[in-house]
Amino acid sequence: MPVLEGHWGSDLRMRDSGLGVCPEEPPGSPEWGPLRTPPVTCGGLSLTLELPALIRQLRAAWRARKGGPCSREKRHGSTWGEAEKEVEEGKHDEENSCAHLEAKSRLNTGHADVLLAKRRGSYPPIDLRILRNSIESGETEFSTKRRMKHLLSFQRYYHTSRLLRGLAPHDSGSLYLLDDDYLGQAAHMLSKVGTWNFDIFLFDRLTNGNSLVTLMCHLFNIYDLIHHFQLDIVKLHGFFGMVQKDYHSQNPYHNAIHAADVTQAMYCYLKEPKLADQLTPLDVFLGLIAAAAHDVDHPGVNQPFLIKTRHHLASLYQNTSVLESHHWRSTVGMLRESGLLAHLPAEITRVIEQQLGSLILATDICRQNEFLLTFREHLDNQDLDLLDASHRHFILQIALKCADVCNPCRSWELSRQWGERVCEEFHKQGELEKKFDLEVSPQCDHKVDSVPAIQSGFISCIAEPLFEEWNLFTHPSLLSQTMLDHLDKNKAHWIRLLKPRTLAEEQTYACAESCDAEKGERKNIT
């Protein structure tokens with residue numbers, strides 16, 4: 001979490017794990033802003049130096065901090081003057097390599113004289129003193145336990161012990177990055193990753209909180225995307241790690257487990273017979289990356305909250321698709337920071353970045369009716385041609401939208417957990433709004449909006465219309481029929497859990513009933 005300074009109008013301290021967003025660039029620019037690589041520093045050290053110069057800087061800083069060199073022979077001989085001298089040598093080397101670095105940065109970004117998309121923490125600049133009493137101790141304890149569990153996990157011990165004993169991996173030439181890092185039940189679950197009853201919560205526990213990285217590595221191997229795009233394995237794993245790390249585990253719903261769940265659902269949709277044979281490797285690559293990163297760096301609050309608190313992201317994106325735009329630009333920033341696509345031609349990289357944006361921006365719930373009406377028109381006219389790249393991309397947008405809201409289509413045990421998690425996040429936002437004397441957003445007041453009321457209304461107004469159209473597109477599809485069956489059963493479950501309804505819940509159900517009426521009219525017409 002970024003350190004917050006000052007009050008509502010203050011800036012956020014830059015996260016040292018990423019790059020920042022350029023606020024001067026309007027979001028409506030055709031090329032999505034200038035792409036020039038800015039100077040990158042860490043702790044006062046320039047990271048644009050060649051490796052020898054950077055090593056000299058690090059040595060100088062270490063000696064200056066400790067009051068002496070690291071070597072035993074010169075334990076008392078180092079001074080700040082020597083450190084500064086070595087830093088000057090580093091600066092000289094930096095000047096000598098300036099032209100080379102500038103040319104390299106232009107090749108990597110694909111554009112000249114423009115500003116690189118950066119990453120910045122999205123957390124609202126809230127006075128943490130208000131929240132510290134309720135969350136600080138719990139988060140610190142959870143973070144420490146999680147880190148220790150990760151470091152001391154059986155999988156890591158097993159893998160290290162094999163190496164120390166001189167035992168090589170089963171296949172030294174294999175591209176399966178995690179052959180010895182996940183074992184037993186986790187590996188067995190991955191063998192069934194294409195089934196709809198996949199339990200992502202159990203998989204996350206078996207992988208020690210690394211469900212997203214593990215799943216993405218596995219799916220990239222299934223589709224042979226590493227060979228097809230000639231990807232560097234280390235950079236690929238680093239990129240997946242960045243994406244997973246930039247999800248915030250303190251969010252009950254918008255966290256890395258949700259991203260892994262959406263990615264697994266997206267994989268199931270990409271396997272649909274009507275779609276699978278028509279997809280290109282680029283389509284699959286875009287679909288999986290967009291699913292994994294579609295909510296990256298989500299702050300745990302919705303767009304109206306950012307707008308009414310005058311958050312910098314709302315200003316940057318002019319109150320339109322604020323979170324989705326931030327997810328997209330953060331993803332592009334991580335792609336460039338990892339160098340994953342640096343070997344590809346600049347034009348291809350630019351197309352990939354733009355199409356990722358198109359997919360991620362499609363998940364904006366405010367654009368639900370826009371996409372649904374277009375989808376219905378295509379189905380009514382029967383003019384979808386999956387040999388057309390633009391039509392395939394549109395179907396990928398619809399598939400990602402379905403994957404993003406597919407929780408009510410899971411089995412009741414999984415659907416209930418997701419429903420409770422998302423409502424918990426809504427209610428946390430409501431409590432935050434009350435503390436700041438803001439108007440409580442719809443569905444965010446835990447005293448008024450119950451979980452069953454929110455979930456049954458969401459199923460009626462959002463999930464059912466979308467998945468019925470998806471079923472028409474994929475027909476005949478066993479998966480789509482299974483999802484609709486779960487949807488009906490889960491809605492009935494939530495309705496049975498309802499207590500005597502309040503006035504706000506009556507209004508929610510009035511909306512749900514009107515949606516049901518429109519759905520009935522739609523069926524009669526077709």
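Backbone N, Cα and C atoms are what each Cβ position is placed from, and that goes for glycine too.
His254 (active site, proton donor): 24 other CB atoms within 10 A of its CB, across all protein chains. Positions annotated as active site, proton donor by TrEMBL: His254.
As annotated by TrEMBL, AMP binding site applies to His254, Asn255, Ala256, Ile257, His258, Asp295, Asp404, Gln455. Every protein chain shown contributes to the tally, and the Cβ of Asp404 (AMP binding site) ends up with 21 other Cβ atoms within 10 Å.
Among the features that TrEMBL reports, Zn(2+) 1 binding site is placed at His258, His294, Asp295, Asp404. Residues within less than 8 Å, Cβ to Cβ, of Asp295 (AMP binding site) and separated from it by at least 6 positions along the same chain comprise Tyr247, His254, His258, Ala259, Val262, Leu323, His327, Thr363.
Residues annotated as Zn(2+) 2 binding site in TrEMBL: Asp295.
Residues or ranges marked as compositional bias 'Basic and acidic residues' by TrEMBL: 82-93.
What TrEMBL records for 178-501 is domain 'PDEase'.
For 68-93, the entry in TrEMBL reads region 'Disordered'.
The binding-site residues listed here are Asn255, Gln455; among them, Gln455 has the most other Cβ atoms within 10 Å of its own Cβ. In sequence order, Ile200, Phe201, Asp204, Ser211, Leu212 make up the list of same-chain residues 6 or more apart from Ile257 (AMP binding site) whose Cβ falls under 8 Å from its Cβ. When averaged over the domain 'PDEase' (178-501), pLDDT in the model lands at 95. Each residue contributes its Cα atom, and for Ala256 (AMP binding site) and His294 (Zn(2+) 1 binding site) those atoms are 10 Å apart.
For His294 (Zn(2+) 1 binding site), the same-chain residues 6+ apart in sequence whose C-beta sits under 8 angstroms from its C-beta are Ala259, Val262, Glu324, His327, Leu359, Ile360, Thr363, Leu400, Asp404. Using a 10 Å Cβ-Cβ cutoff, His258 (AMP binding site) registers 23 neighbours.
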